[in-house]
Amino acid sequence: MFTLDGDSSDYFDDDLGDLGVDRPSDATDPDTPPPAKRRRLRAGKDASNADLQSHQKPRAERGDGARTALSSDSFIDYDDDEVPSPERESPYFQDDSEREARSKYKVFAPKNANIQENIFVTQLTQPPSPPEMLRGPRWKKPDPGLPTRTVATPLPETTQSRESAAGDRDDEYDDDEEMKAAIEASLQSFEEETSRPAPSVPLQKPPSSTPIIGQQSTTIEASNDLLDDIPDDAFDSDLSMSPPPAPQPRPAARSFTQSTNRPLGVRQTTLFGMVARNPENQPPRGEQVYSPPEKSEPPTQHKLNQEALGTWVYPTNLGKTRDYQFNIAQKGLFHNLLVALPTGLGKTFIAATIMLNWFRWTKDAQIVFVAPTKPLVAQQISACFEVAGIPRSQTTMLTGEAAPGIRAEEWKAKRVFFMTPQTLINDLKTGIADPKRIVLVVVDEAHRATGGYAYVEVVKFLRRYNQSFRVLALTATPGSTVESVQAVIDGLDISRVEIRTEQSLDIREYVHSKDTDVQTFQNSEEMVLCMDLMSKALQPLLDQLRSTNAYWGRDPMGLTAYGLTKARQQWMLSDSGRNAHFGVKAKMNAIFTVLASLAHGIDLLKYHGITPFYRHLLHFQSNTEGQKGGKYQRQVVQDESYKKLMNHLQPWTKNPEFIGHPKLEYLKQVVLNHFMDAGEGSGADENKDQPATRVMIFVHFRDSAEEVTRVLKRYEPMIRPHVFVGQSSAKGSEGMGQKTQLDIVQKFKKGTYNTIVATSIGEEGLDIGEVDLIVCYDSSASPIRMLQRMGRTGRKRSGKITLLLMQGKEEESYIKAKDNYEKMQQMIASGTRFTFHDDMSPRILPPGVRPVADKRAIDIPEENTVRDLPEPKRRGRAPKRPPKKFHMPDNVETGFTTASHLAGTSKRRVPNKSKARTPTPEPVELPALEDVLLTPAQQKELELHYSNAGPSEELLVSYPRSDAFPRLQLAPRPTKAVRHGSLTRRMIETLQKMDQITPDCGDRYKGILAREKASMPKASIVAPKPNGRGEAQSRTKARHTSKVVSSKSRNQEEQDVTEVQRTPPGKHSVSATNAEVEPFYCSQRTQDGDTDDDFDLPDVSTLLNRSVERPSTRGRFVLDDSDD
């Protein structure tokens, strides 16, 4: 049983049905079965009927005689009719007189079971409220006790009308007056709430319940006998269950966390397709005024035109202003915006408007529009020329075909650029384009901006050098998953999203209806025959895979290239694959390769036709001619089933009338019927510039496109088809260049071709024109591709979409894509699942500047009337490519920087490696002799304690005597286990030098000084610096001589010392030649030039250390011959 308020009927039925219903069958017509919820109340209630009848006889008298007294005991009299309204609380059972005067509401019990089919109000919309709060009835009769806000009816009149309304219940049931009144009130409420900008406040304010209870105290006492077994709160309405509805629902709804980036124009519908009126989620009607956000950021480096900053221009050249275009364009000026609009709703116009205003606001900044293909770029150029009025002289179109030198000149001279993203990133990396000059980047088909696509690289590169630029992203389908949409937002630094669907309220008047016809097909007899023969040919190879547990499928017709690739990877990673012999691995890889190549042919047979399947088998067979092909490939070709299959296919494909797929047959009929209904026959409309209608057919493979074109060409000139494919060349099919693509699009618009058979190249963005019929020859599991295909029609007039699907996988893919699209649209519209980059969206405009909209018709310059694309002209000799230029970001530190500075760590001071100069020793003052010698007491103590070996023997320890054995001390004595130490050798060398000194040493020394002074000039002699090679060798000679002496063997040392002792004194003199060659030092010369005999002799250290400065390098050892 349903009421006008489906939400609350069950609640009141449960409370009242359990307590006050004796015989539910009396509530409705005897022919009508009782409701299921009341059926359980029939038993166990007859005992109380007698007691209740005495109280309810007056109620039965109000009937027309057809109803018995027991009918007043039915549930209807005590159901919602007895439920008080939320505005007051009152007892339900009163005495008979008062009950007769106060007729309450009732539950509508239809006599016919199908009465619900005529009720279109199944779920009334509600103001926002939390789900846990119970809501009262949506519509009630006016309360006679309290005046309403809208209609102030006197109480007696209301009571009288209600008495009359309650007088004849059977008439009310038959004529459904209550239901009509409810429907009219619901429609009136719907219109009122639709016109309100905010949720309506309840019409009546519930007064205090105490006065009402006081006024009816006698009635409560009279009915106590009926309420003894009923709880006090049994008949409480939702007012007692929940707070008053006026203030509570609004704050409760706002307490939920919702995104501030909620887009406009998104409406929520119920399960029955009705609109859920939540004013907070609805877009504001009409045009809105947005201002740039106030941000604290450094001033922009772009030179701004202060005179133009006060306004932003909205072109009105196209006629009527669309509110959604106005609002989106205004928001796109001040935020990094992602615009998701269905195809044909003016994304190009929005982009042209934003480009025009940034062109006005800046003096020399550059604006870049990027699109994946050249046809999409050319399409935007026409919009900027014809709508926005951007001068052609400031515009250029750059692609990879232009030489780098020409592109460099264009970057210096122009301000607006239309190009592909690959060309833009190349110019940025080579320094041809200055990233600091770019102020706006418009990205078309923005759903591609994921991963490492060129769109993402462009934005990242610009962000390194420029923090003051705007991004506008345009797409019809942002993505198929939450992750893909978030990747687009992250890759382009998006801060706001504006999304519209075809059900959005503000675009409904601009969207034409699209009639979608889905046709499913089964395999034909020819296809079943081909599948059986192909399965027999492939079964042996499949069994070999299954025997090694490399593949689990049994049906060869279920093979797919992706499934075989995954199975190969899993087998190679398994233990059996890793431990298998090399020959087994080669065998498995060969079988997987052969089956994967034939899996594509199986897909062609299933979904595209027999002719593409036959072409694929011919190509597969050609690889086995001669010595080509592997063992398993030749095994398939030589199989009897395969040969039989080819014998069947060859005559079929040679027949020009053969149609190898049921979808192709139906496609031919659909296209023919469409053109015949449009009145385009063989001789019709030949004088018109444009045909009456156009058709576009989407296929997945080029083979299918060629087959469809071949079939449709039989019906020329009514059907004039042409293939529309991409640039890359494939086997048996040459690609189309971008110029060829543009030429085909222009001929399609003019009417040279009225049917285009396109692959995926025709899905995205192309303004191909007014297409009245879209035929999807195969389905796509991607919702992006599906929606792109369907968006080609229904732009300016109603369109039709025909989907041709095979039962099974293809049909499931379509359902999956459709559901995925609807779910993603809701997620994107809510905005709660995504993270936006508001910090990456700069204000750019100076603080305090708030541009005002200026709607006006733009004057189109005469130069824009030229139809050619603004490509740079080719020259006989292109300019030389400029050298690479490295642009630096602002506030960059040039020069070399240490790694410790970049890492932020402190740099350790490295000590200076230069040796400190040894200070000159100061002469020590010689102490007195008495201070050095021992005193008599100390001498006595030395002799007593240290010199005496013991008291028994007179053995005294004496000092070492250097004169006891003078000859033996000049040479080291023989040793056995312990060798002489360094001190012993130094002592021996010292004694040897002392022994070499003769009594005439002083005389010889004075003679040398005299000769030296006589041979030198009178000027003061300065010690020369050792700067020559010979000087270095002479200085190192003495050092090496001493090392050689110290490194001699013990026997050799003794022999040398013995010879020195036996040498006469005269032979120990230094040779005169060496004395004259070696320089004298300052300590060896006199300052006043006198050479008398009483001069001071140099000290011993000066004599021994002849070299003041020791060279760092060692010279060769030179042994002087004593005979020289």
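Placed from the backbone N, Cα and C atoms, the Cβ positions cover glycine too.
Taken from Swiss-Prot as is:
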REGION    1-103  region 'Disordered'
COMPBIAS  7-17  compositional bias 'Acidic residues'
REGION    123-302  region 'Disordered'
COMPBIAS  169-178  compositional bias 'Acidic residues'
COMPBIAS  210-222  compositional bias 'Polar residues'
COMPBIAS  226-236  compositional bias 'Acidic residues'
COMPBIAS  255-271  compositional bias 'Polar residues'
DOMAIN    328-496  domain 'Helicase ATP-binding'
BINDING   Leu341, Pro342, Thr343, Gly344, Leu345, Gly346, Lys347, Thr348  ATP binding site
MOTIF     444-447  motif 'DEAH box'
DOMAIN    666-840  domain 'Helicase C-terminal'
COMPBIAS  855-873  compositional bias 'Basic and acidic residues'
REGION    855-923  region 'Disordered'
COMPBIAS  874-886  compositional bias 'Basic residues'
COMPBIAS  906-916  compositional bias 'Basic residues'
REGION    1016-1124  region 'Disordered'
Three-state composition of the compositional bias 'Basic and acidic residues' (855-873), taking helix and strand from DSSP: 4 helix, 2 strand, 13 coil
DSSP-derived class (H/G/I helix, E/B strand, else coil) of Lys347 (ATP binding site): helix
Surrounding residues of the compositional bias 'Basic and acidic residues' (855-873) on its own chain - C-beta under 8 Å, 6+ positions past either end: 313-317, 321, 356, 378, 381, 385-393, 395-399, 402, 406-407, 409-410, 418
For the motif 'DEAH box' (444-447), sequence-distant contacts whose Cβ falls under 8 Å of one of its Cβ atoms, 6 or more beyond its ends: 338, 347, 351, 369-372, 376, 380, 455, 473-475, 477-479, 484, 488, 492, 764-765, 784
Cβ neighbour count within 10 Å of Gly344 (ATP binding site): 21
Average model confidence [pLDDT] within the domain 'Helicase C-terminal' (666-840): 78
Thr348 (ATP binding site) CB neighbourhood, other CB atoms within 10 A: 22
In the chain carrying Leu341 (ATP binding site), residues 6 or more apart in sequence that have Cβ under 8 angstroms from it: Ile328, Lys347, Ile350, Leu474, Ala476, Ile499, Arg500, Ile507
Neighbour tally for Leu345 (ATP binding site), based on other Cβ positions within 10 Å of its Cβ: 23
